[in-house]
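According to TrEMBL, the feature transmembrane segment maps to 36-56, 77-97, 103-123, 135-154, 174-196, 203-231, 243-265, 277-296, 302-322.
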Amino acid sequence: MEGGHSPSVQLQQLPLATAAVSVQPHTDSFSYKENLIGALLAIFGHLVSSIALNLQKYSHIRLAGSKDPRAYFRTKTWWSGLLLLVLGELGVFSSYAFAPLSLIVPLSAVSVVASAIIGIIFIKEKWKPKEFLRRYVLSFVGCGLAVVGTYLLVTFGPNSHEKMTAENITRHLVSWPFLLYMLVEIIVFCLLLYFYKERNANYIVIILLLVALLGSMTVVTVKAVAGMILVSIQGTLQLDSPIFYIMLVCMIATAIYQATFLAQASQLYDSAQISSIGYILSTTAAISAGATFYLDFMGEDVLHICMFALGCLIAFLGVFLITRNRKKPVPFEPYISMDAMPGMQNMHDKGIAVQPDLKASFSYGALENNDSMPEIYTPATLPIVQEQHGSKGLSAPPYRVLEHCKKE
């Protein structure tokens, strides 16, 4: 009897084992589908945001070049850009609810690529073919590298998925790896803030590191808020939990301070430098925060992690090449200095300088394009007639107007 029952038990266990084996591929397929949905939403959001910002910029440029007395917020183009910008930000916000944090953050390179392509397509200046290739070859190479890096990110991105319930978020929030990460981040942030505020260390790396550290907390809270909203829509209400509002307040506060430091950086440095260095630092900090808080790379094999890191490096290089080739603004350069003219020496009255110092940022004189500016200006000679105090009929030799070099 016992020997007769064993085949039936094996036959009964066989479908269960088959079912258990079939569950795992279905879960993997569903998680990859969520990754694809999140990646597509992020790419769509960044593309729409780039188009929106360019529309608003086009509205400002068109009003500045015309005699239209209307303000920019009274034009249809600016409002269209604003609506598209809101739509794009909603797409990026929704993407955090589907895909892991470490997958969504590097996809912001799409906005840099889109802005570069839009700038090339809608450029109004006419270039010769050789000059066009010389000027934009780095941009084309950078766009290609960014596309390749984005493909590797989507293909080999982390595949960890869990429901963003209040219980799970609280458990992650009090875990010792995240507490240790927060302690290190707070110490580094305070040190950077001390050097920036007290020591006047206005280096671009310091300012953008402050932005990156704040941004890492912003994306962590954004994913928590977006995930809890998605779980609430699916039927399990999470909006009545205190952790939801804690994350919402942290998201708004860190976003505001992040925008403040970005505004300060934009006043000191070129936007191309801010785009490339800020993208690299912010992406690195956000991936580190996602790997520590949400354990994005838990259970991933070494090959997927290495290919994901390679995709990040290729995207970093692509963004750097795109922003490296942007045309920098032409600074004001003096052609003839006022203090080099005879009779116009620096005058002081009770210690107050009347003539501005040469080392100041503002200077007098004609302007010229610095695209073909030589390193040392060619001295100019101007004939100046001297006043006749002595004997008449003596002509004064022309004075040579001295030029100051860049080292002064």
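Keep in mind that glycine also has a Cβ here, set from the backbone N, Cα and C atoms.
TrEMBL does not curate its annotations; it predicts them automatically.
At the 8 Å Cβ threshold, with sequence separation of at least 6, the transmembrane segment (77-97) lacks contact with the transmembrane segment (277-296), having fewer than 3 such pairs. The list of residues near the transmembrane segment (174-196) in space but at least 6 beyond its ends in sequence, with Cβ under 8 angstroms from a Cβ of it, reads 202, 206-207, 209-210, 213-214, 216-217, 288-289, 292-293.
Using a Cβ-Cβ cut-off under 8 Å and counting only residues 6 or more beyond its ends in the same chain, the transmembrane segment (243-265) has close neighbours at 166, 169-170, 173, 204, 207-208, 210-211, 214-215, 217-218, 221-222, 224-225, 228, 274, 278. Within the same chain, residues 100-103, 105-106, 108-109, 112, 158, 160, 162, 172-173, 177-178, 181, 204-205, 208-209, 211-213, 215-217, 219-220, 223, 262, 265, 312, 316, 319-320 sit at least 6 positions outside the transmembrane segment (277-296) and bring their C-beta atoms closer than 8 Å to a C-beta of that stretch. Ranking 135-154, 203-231, 302-322 by CB pairs under 8 A with the transmembrane segment (36-56) puts 135-154 at the top. Beyond the ends of the transmembrane segment (135-154), by six or more residues, the same chain brings 35-36, 39, 43, 103, 106-107, 109-110, 112-113, 116-117, 120, 127, 307-308, 310-325 to within a C-beta distance below 8 angstroms of the stretch.
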